[in-house]
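As written in TrEMBL, here are the features:
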type	residues	note
REGION	1-25	region 'Disordered'
COMPBIAS	1-11	compositional bias 'Polar residues'
TRANSMEM	40-62	transmembrane segment
TRANSMEM	105-125	transmembrane segment
TRANSMEM	159-178	transmembrane segment
TRANSMEM	190-208	transmembrane segment
TRANSMEM	215-233	transmembrane segment
TRANSMEM	239-262	transmembrane segment
TRANSMEM	274-297	transmembrane segment
TRANSMEM	309-327	transmembrane segment
TRANSMEM	339-362	transmembrane segment
TRANSMEM	368-387	transmembrane segment
REGION	404-431	region 'Disordered'
Amino acid sequence: MLLSGVGQTDDSFMEDPGDIENQPQNDVARRNCLTEQTRMTGIGIFLMILLATCWVGVAHLLKSTYESNVHIRMLVPNSSSSGGGEHGSSATARAPTMTSSSYDAPFFTTWFCTMCNSFFFPLYLGARISSRREPITCKKILQGCVQGFREKGFTVVQFLGRCGLFCLLWVITNYMFIYSLRILDTTDVMALYSSNVSFVYLLSWVVLHEQFVGIRIVAVILCNTGIALLAYMDGASRTLTLGGVILASASAAGSAVYKVFFKKFIGEVTFGQLSLFFTLIGLFNAFLMWPLVVTLYFTHAETIFWNQLPWPLLGGAAFLSLVANLLGNFGILWTYELFLTLGLVLAVPASAAIDVQVYGVVFRGMKLAGVLLINIGFLLVLLPNNWPDYLSRLLRMRKRTYKNRKPGKDSEMDTCTGRRSRLRTPSGHVK
């Protein structure tokens, strides 16, 4: 789950060139601006592809944990053996091999992956210390982050209490996402989760009182229609599919609640404060959620064979999840937030290609229509608030181009006006 757009970007390259007096310096400034924008666009495309790759890797690795099986051979008494004889007392026969799941623990997976959030602040400290020329200590950086929260009016109890609530929301949201992978195909879950942008807009409109944009309401309707199509893609009688769609959609809604209420109750934060907050979520998860992990294990609600845990799959998913969250939150240092947001929707067709080639998944009918509608709704939500201005400007440019198109062969250049005319001769006289 990503929480992007809470940091600050450097917009110093967007200076007004009107303050520059002479034209040569104006041209230099314009070229520098274009060069900087080109650089940020190139970096954005690279980060978008990298972020999509991380998302696809996380989802498919988590899906693969449910496919880890262990083969068990059961020993049963041999009915053909007699009570007397050399082998009668210990004769046994091997039954056919039975296949049982060796790992089926979505909550343990959630707990394990969430612990990786603890590395946010240490990584931030390392990057901050290594990038600064003047000496700075970890204590000063930590004091600066804590002081920022104090200036917002947080006491220690209030801050830790909100960290605990956001940790609980994080765990519940990711648990529903991971559990839905047990039921649905990976692409379906990712498409459903990408609908969180529509929920973010609705909550932002209601809670944060952001501007109402009609096209985004259309996007919300398209996303909800796509969710409904996926819910009944296997028929109304398949309650298991319906349950999986509800879980994935609830995960998207939980992600939206997390993002909106973070801005509502925490507000704008620096990268250091954001890193500290993520680290506290990871620590709260590690030290407060482990009793539930133990309880689910001993009550056999989750299947775990400790000597056969899929560590490569779990470790890879946790690492890629950490990288995706780092890119989603710190990527605005190097590029525009739009590219980071597009990384999620780009992951959907990439995941679909893997499902088709590797798992033989077929996208057709309601399944295909649902995925496409959610993706279209995702893109519509990203339209800017003043998108009609861009559209009208584009239409005016097209109209101007149509008017200034090359005239026919029968028109001649007027030497007086410098324009082509069908009513005057080249010397300027009326025909």
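Cβ atoms are placed via backbone N, Cα and C, with glycine included.
Nobody curates TrEMBL annotations by hand; they come from automatic prediction.
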Distant-in-sequence neighbours of the transmembrane segment (190-208), which means Cβ under 8 A and at least six residues beyond its ends
55-56, 59, 177, 180, 184, 216, 219-220, 223-224, 226-227, 230, 245, 248-249, 251-253, 255-257, 259-261, 263-264, 341, 344-345, 347-348, 351, 370-371, 374-375, 377-378, 381-382
Six or more residues beyond either end and a Cβ under 8 Å away: which residues meet both conditions relative to the transmembrane segment (159-178)?
1, 62, 106-107, 109-111, 113-114, 149, 189, 193, 247-248, 250-251, 254-255, 257-258, 262, 265-266, 277, 280-281, 284-285, 288-289
Other than its close neighbours in sequence, what residues sit by the transmembrane segment (239-262), given a CB gap under 8 Å and a spacing of at least six beyond its ends?
1-3, 6, 166, 169-170, 172-174, 176-177, 179-180, 182-184, 188-189, 192-197, 199-200, 202-204, 207-208, 227, 230-233
Answer key: the stretch among 105-125, 215-233, 274-297, 309-327, 339-362 with most Cβ pairs under 8 A to the transmembrane segment (368-387) is 215-233
Honestly, do the transmembrane segment (309-327) and the transmembrane segment (215-233) touch, with at least three Cβ pairs under 8 Å and pairs 6 or more apart in sequence?
no
Ranking 105-125, 215-233, 339-362 by the number of C-beta pairs under 8 Å to the transmembrane segment (274-297), which range is first?
105-125
Positions on the same chain near the transmembrane segment (215-233), where near means CB under 8 A and six or more residues out:
188, 191-192, 195, 198, 201-202, 241-242, 245-246, 249, 365-367, 369-374, 376-381, 383, 387
